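What follows is one structure encoded as structure tokens, with my remarks underneath.
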Amino acid sequence: MGVCADLGSHRWCRALSTQHNTEKSKEQQQQSQPLEIPEQRASKCRGDIDRTTTTTIPASKTLTASPAKTAAFTVKTTRRRRSRRRAEGSSICVPIRRGQGSTPTPTIQVLQFVLVSLLALLAKNAQAHNIPEDAVHITAILGEGVIFNCHVEFPNDHPVPYVLQWDKKVSETGSDLPIYIWYESYPEHIEEGYKGRVSRVSQDSPFGSASLNLTNIRESDQGWYECKVVFLNRDPKQHKNGTWFHLDVHAPPRFSVTPEDIIYVNLGDSIILNCQADGTPTPEILWYKDANPVDPSPTVGIFNDGTELRISTIRHEDIGEYTCIARNGEGQVSHTARVIIAGGAVIMVPPTNQTKLEGEKVIFSCEAKAMPGNVTVRWYREGSPVREVAALETRVTIRKDGSLIINPIKPDDSGQYLCEVTNGIGDPQSASAYLSVEYPAKVTFTPTVQYLPFRLAGVVQCYIKSSPQLQYVTWTKDKRLLEPYQMKDIVVMANGSLLFTRVNEEHQGQYACTPYNAQGTAGASGVMDVLVRKPPAFTVEPETLYQRKVGDSVEMHCDALEAEGTERPTIKWQRQEGEQLTESQRNRIKISGGNITIENLRREDFGYYQCVVSNEVATLMAVTQLVIEGTQPHAPYNITGKATESSITLQWLPGYSGGSEYKQDYTIWFREAGVNDWQTISVTPSGSTQVTINGLASGTTYEFQVVGRNVLGDGMMSKVMTVRTLEDAPAAPRNVKAATQPPDSFFQLMPDEAGPKPGPPRNVSVTEVSNGFLITWQSPLERAHIVKFYTIKYRTDAQWKTLNRGQIRPEETQYLVKNLVGGRTYYFRVLANSEKSYESSDEVKFPVPARVKHKAITAGVVGGILFFIVAIILSVCAVKICNKRKRRKQEKEFNMVACRITDARNIAANNHHLHNRSTGSISSGQVPLKNNTEHYRDYESVFIVPGHPVIIKIVQTNPNIKSNRHSHCHLHWIWPPDRCTNCHSIYSSPNLEDGDEDDGGGGRRRSVSRIQRSLDGRFVLDVEGVSKLGYSQQTLESGNVDVVDGGLFERRNSNVSQKSSSDDGGFLSRRNFITARASWRRPLVASSSQLSLQSAADSARGFLQGLLKIGAKQSAVPPNSQSYFDEAVSGARYQNVLRPYTSSNNLYGNADRSRPLHINTISGSLSQQQQLYTPSRISRIFSSSPQQLQPHHQQLLLSSGGSGAYPTHFSDLSTVYPPNSAERSSHNLSSRYRYYSQELPSLRTIQEETRRQQQQKQHPLEDHFVPLQLPSPPSWRSYYQSQASYRPRTRWYPRHHSRLFSNRQQQHEMLSPLPQLNLNLRNSMNPGGLEASPESRSSSSGFGSKNTSNHPGSTSEWRLLPPYRAPPSPPKHSGYFGGQQAQGQTPHGSYSYPRATTPPYTMAHWLEMISRLNAATDSNLPKAPCPVDVGSVDGHYEFDPATPTPSASSMLREDLNLHIDTHPYHHHTLGPLSGSLLHSHAPYGGGARKQRSLPAHLPRYDNVEVRLQAMREEFYAYRKRQAMQQMESVC
């Protein structure tokens, strides 16, 4: 008999061994096997049975049942490899024979049987206990899914048909329940309870082909599972694949038993709260009360593994919400139960303090619970039901939950609101909150009139109501802002009123106040008239002290008188500090007017009394003291106490003792607070005011009173004083637990039993408001009465910090924070602190949003823009100032070396750049002028020969015209006929005769030697030469003829307009009612110069010589005339030497008397000449030293003739010697003025000796020659056509015109059309243009013609001139000479007056010359006196010395004669200027030489003081204009 065990299939099989029929067969079988030792055979059998191998299989992968659910499980597999014996039969253990033919003994058989039985039992136990050890353990969550991974191992790796079966072990007996069976091509078998939850995994999944998917796991699914794979058509003994799995199902906790949601209890009852939960693993039970863990105490405990919470003897602090929490590794659940006291309502959510704006809605909550739940809620405001408050009746609402709503709120709604709840059982419960209504500050009342007492302190009231509190008040007085903070005698009070410390009359006025608070203002008050009046005055004042005995009477007197204009004051008596008289006193008091009488005095009558006098102006007060003697002592006062642990020291001030003869002692009354019995202690020594009471308990509050006593008895008791003794020094702490605090902990280590803790603050929140962040919370529900203060902790990192600096009172439940940093996250906690403990609220997280300070950015941007604008403005101003200073410096240097170039320079400089008249362009005339030669294309070519004098040439271009019918029209360039009242005689001229020499054109030409210079630089014509012109000496003496610059003109009743359109300064000199400015304003004409000058030296002599030739008869030229002319110009200093005339005739040799006089101009009326030499500055004339004149140049100059000379600058004269032009070129010294100023300054002080030498060379015949100093001469312009189209007169240049043009293009655009002007003299007629009027340049003494400041290009003002207003035209006269004019005859040399074609005629030059020549003492004096220098206002303003100063007091000079020497043998003198006629010394045509003597020494100036005064006034006016200009330029 044998037993075999198939360990590979884990099945035990029993084989029954058969006995051979014959002994022979047994013996043969034994013989066929080798002999073995019994022990070895037994060992081999046991080894086959017990040989096992244990192998650890790697953990399987985590499987997922579905995408939505994941089964996380742990695989713990121990696979034991068993040794399998592959044999046809079972392994048989046979008895061992010891010898051949011997049989086993009974003992051996018994041993074998026992051994086999034991092995069978062990194998059976091994089968039962090996399954769990080899299983794969999987953990899954309840309700989720799991996959059992099972692989199929085919025999020899060849797929064969198989059956898949999954079994679940349902009992310890080993019975299996097939839950899933699968065979290919057959329907699946699923056990009941697993349908819809089990399935075979897909073949393309990463799991084994035999894997099973189990979903929606239940707790019953926990257990053992086996995967079986049975291969068909195989030997049953073939091994089978299979795996064991153990499934553990975990479940989150869930309650199986919970307490009721609301539990009603009575105080003193006991309750048990039961809370049980199921789950895998077993959950843990925790208890919380109002979000805080329940602390075990003698009355509160947790039992039965935390499932029960027992509360015995319920108190008020035990009422609240209790929460049971069950938790395990899979989650947690909670349940809350409310414990409410039955029988009375309890407020669960009390109201909180609120602050609202006016007009908003406010809600006060008041939630209450009670048993039974019929809770009634009532609301009160300041003790009155809100339903009964009339102001709230229509705006208040009470909800069912007890909340109070007020909508909208008003300022008067501020106050305390109380919520009271009750259900009829017990006392009502109440809670209160305060409502603060904020609104802008406003004025509630505005008195019409307020009075201030004169010379006393007074107050101007502003009745203000404000919430929040008032911040400031602004005041206005008489509609102007009042700054009381800047005044010493005005103080702004806390309520916004004005306190005047000493009133004066200046404080009277109309006042208004405007209050402001955090919400702004509601507006200003009305206007209050504040009147200053005298206050009432005391006429009788009470005495300072009244002493009376008990029972006596006292009479106190008081009276006052009102001030004038005020009401009579009222007088009343009162006790000190405004206390009214007591009832007992009123029966004993008599008041008569201002007198008061108190009878039957008592001790209580002792004290201070006030006499109050008041009216509408002021309230005055007089104080007196009434002392009652013979009474008990009065009560001590000002009691103070100092406490220790066991003693208190008291101090006080004694009261009135009852009289000086009474001595008082003191007794201390004290008791412990809350105790009814008082104890007394006498104070020793007698009269002491300090005592120490010992033997008191520590930490106890005591009450004290002090009473005085004298011989009359005990006095009055003092006020009660409360003092608390100090606590004993604390002993060393015991039972202190040492703990390591985390770095973020803000809690302090406290010993055990530190005292009761208050409940934690609730509902902590952080909200952002307009002015910061508001942290709010609610007071604790438990032990809120022990809260002493709150503390707020915060952190942004690990360290907790205290937010509030001081303690927050327990009634406050909010805190405003203003300095939180944007972009950070803050954590807050609120601590409720008691005396010895505290409790913390939950941590609140608040991220502060990152804020951009838009206002700061805007302010920065605006500030930056403003900064750049200011910088630009300052830079421009600095550049302008620097440029202006630089120009002034340059001009100052320029004026140091250059004479003031006036008329001729401006003429030449301006005409140099002129195009022909048709283009209408002009030159700016700036200094220096630009080089431009193209403008001379209309001129004849000239030679520029440096170092030679320049010949002045005045050409008569049309000598063939002999008719003088229109010849007088050409004199209109002197003065326009419509500018004077009676100018007809001005434009009439006699037939001037000159037989000195022939001009080559059939006419006669006078010698230059007839012209001499007077003391002031004017030219004088010899009278003898005048007589040859057809005027008699009587005519000249009678004043009917004017001799002006070599021309004689008859005038009759001329009334020249004295008006000038210029307003920029200057002075006028009056001569015989003919008014001329110091620098004469030319008539308002807009024509170019009519005179072209070809010299920079004393070229005016040629001009005068030309004037003498006007109208002269043609005659032979005297042999000495050219020499005179040469002498006149030989000493001249020049710069540009022009090409000689192409004609070899003399200067006026080609002039025809019958044709109009042709005057060279720059405007282009002459034929164009080829220009042989053009320097870099062709239009400049440099002042340079004369150099040797080449002979051929001199020959060319002397033989020049014709009419194409290159135009030169008449004003480029200077006595200063700059470097020679042959040596180097210097800066142009041309005048910087657009219009000349008619006068050249006298420069005799410079190079006087050189000038004298030049004059000697120029006058070899000893004739006196005054240096050239005359107004700018007139000039003519030749026109292309003889008839002129008259153009309107316009003033087309401002006073600073020259600076406005910097190039030719601008000049062409700015040019105005010039009027065509005609010039008719006696025997010539030539259409010519008129020189531009110098409207903006008078004398340099005028403030508008500043020497150095008004440089071209500077920022001087642009003064637009008024339009020209033409005066009435002069009347025509019927006759010019005696009866000839009356008879309608035109004498020889007279003018017809064609009004339609009469151009303007600049007579300003002639009138000014006459006025200046009259100031000279004698034209024949050998040496002219030096000009008087009036001086200058400052370094920039100079005055022409040759200009007399007019004044209202200055008499017109009528005794001055105009004496002109035109020839050594002919002298012409103009008599005194009287009336409108000029008188001649010789009759017309007379040849006798007759000279009128002049006074020897006449003053150069009429009235210097008046002139200086006028100069000062105009200087001040100029300074004012200059300041205005600078201000405008800066702005």
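Backbone N, Cα and C atoms are what each Cβ position is placed from, and that goes for glycine too.
A quick note: this is a predicted structure, and the numbers were derived from the prediction, not measured.
What Swiss-Prot lists as topological domain 'Extracellular' is 1-858, and the listing cites sequence analysis.
As a summary of secondary structure, the domain 'Ig-like C2-type 1' (132-243) carries 9 helix, 45 strand, 58 coil according to DSSP. Taken from Swiss-Prot, the feature domain 'Ig-like C2-type 1' applies to 132-243.
Per Swiss-Prot, the feature disulfide bond maps to CYS150-CYS227 (among others); the stated evidence is sequence analysis. Counted within 10 Å of its Cβ, the other Cβ atoms near CYS150 (disulfide bond) come to 25, all protein chains included.
Annotated domain 'Ig-like C2-type 2' per Swiss-Prot: 253-340, in sequence order.
Swiss-Prot lists CYS275-CYS324 (among others) with the feature disulfide bond. Here CYS275 (disulfide bond) comes close to PHE255, VAL257, THR258, PRO259, ILE285, TRP287, THR307, GLU308, LEU309, CYS324, ALA326, HIS335: these same-chain residues lie at least six apart in sequence, with C-beta atoms under 8 angstroms from its C-beta.
Mean predicted confidence for the domain 'Ig-like C2-type 3' (344-436): the pLDDT average there is 91. The domain 'Ig-like C2-type 3' feature in Swiss-Prot is assigned to 344-436.
Per Swiss-Prot, disulfide bond is recorded for CYS366-CYS419 (among others), and the stated evidence type is sequence analysis. Counting every protein chain shown, 26 other Cβ atoms lie within 10 Å of the Cβ of CYS419 (disulfide bond).
Look at Swiss-Prot and you will find 440-529 tagged as domain 'Ig-like C2-type 4'.
Long-range Cβ proximity for CYS462 (disulfide bond), meaning a same-chain Cβ under 8 A and a gap of 6 or more residues, is found for VAL443, VAL473, TRP475, ASN495, GLY496, SER497, LEU498, CYS513, PRO515, SER525. Positions annotated as disulfide bond by Swiss-Prot: CYS462-CYS513 (among others).
Positions annotated as domain 'Ig-like C2-type 5' by Swiss-Prot: 536-624. Counting residues of the domain 'Ig-like C2-type 5' (536-624) by DSSP class, helix then strand then coil, yields 10 helix, 43 strand, 36 coil.
Its own atom aside, the Cβ of CYS611 (disulfide bond) has 25 Cβ atoms within 10 angstroms in the protein chains shown. What Swiss-Prot lists as disulfide bond is CYS558-CYS611 (among others).
Sequence annotations record features per position, and here Swiss-Prot assigns domain 'Fibronectin type-III 1' to 632-728 based on sequence analysis.
The domain 'Fibronectin type-III 2' annotation in Swiss-Prot covers 760-851.
Here Swiss-Prot flags 859-879 as transmembrane segment.
Swiss-Prot lists 880-1531 with the feature topological domain 'Cytoplasmic', giving sequence analysis as the kind of evidence.
CYS366 (disulfide bond) and CYS150 (disulfide bond) have their C-alpha atoms 66 Å apart, to the nearest angstrom. Its own atom aside, the Cβ of CYS324 (disulfide bond) has 25 Cβ atoms within 10 angstroms in the protein chains shown.
Stretch with the largest number of CB pairs closer than 8 A to the domain 'Ig-like C2-type 2' (253-340), among 132-243, 440-529, 760-851: 760-851.
By the criterion of other Cβ atoms within 10 Å of the residue's own Cβ, the least surrounded of the disulfide-bonded residues CYS366, CYS513 is CYS513. With a cut-off of 8 Å on Cβ pairs spaced 6 or more residues apart, the domain 'Fibronectin type-III 2' (760-851) and the domain 'Ig-like C2-type 3' (344-436) reach 3 or more such pairs and are scored as touching. Broken down with DSSP, the domain 'Fibronectin type-III 1' (632-728) shows 0 helix, 48 strand, 49 coil. The DSSP secondary structure for CYS462 (disulfide bond) is coil. Under the DSSP three-state reduction, CYS366 (disulfide bond) is assigned to coil, being neither helix nor strand.
Within the same chain, the residues at least 6 positions away from CYS558 (disulfide bond) whose Cβ sits under 8 Å from its Cβ are PHE538, VAL540, GLU541, PRO542, ILE571, TRP573, GLY594, ASN595, ILE596, CYS611, VAL613, ALA622, listed in sequence order.
For the domain 'Ig-like C2-type 3' (344-436), residue counts in helix, strand and coil come to 6 helix, 44 strand, 43 coil, using DSSP. A gap of 73 Å separates the Cα atoms of CYS227 (disulfide bond) and CYS419 (disulfide bond). The DSSP breakdown of the domain 'Fibronectin type-III 2' (760-851) into helical (H, G, I), extended (E, B) and coil residues amounts to 3 helix, 45 strand, 44 coil. Over all protein chains present, the Cβ of CYS227 (disulfide bond) has 24 other Cβ atoms lying within 10 Å.
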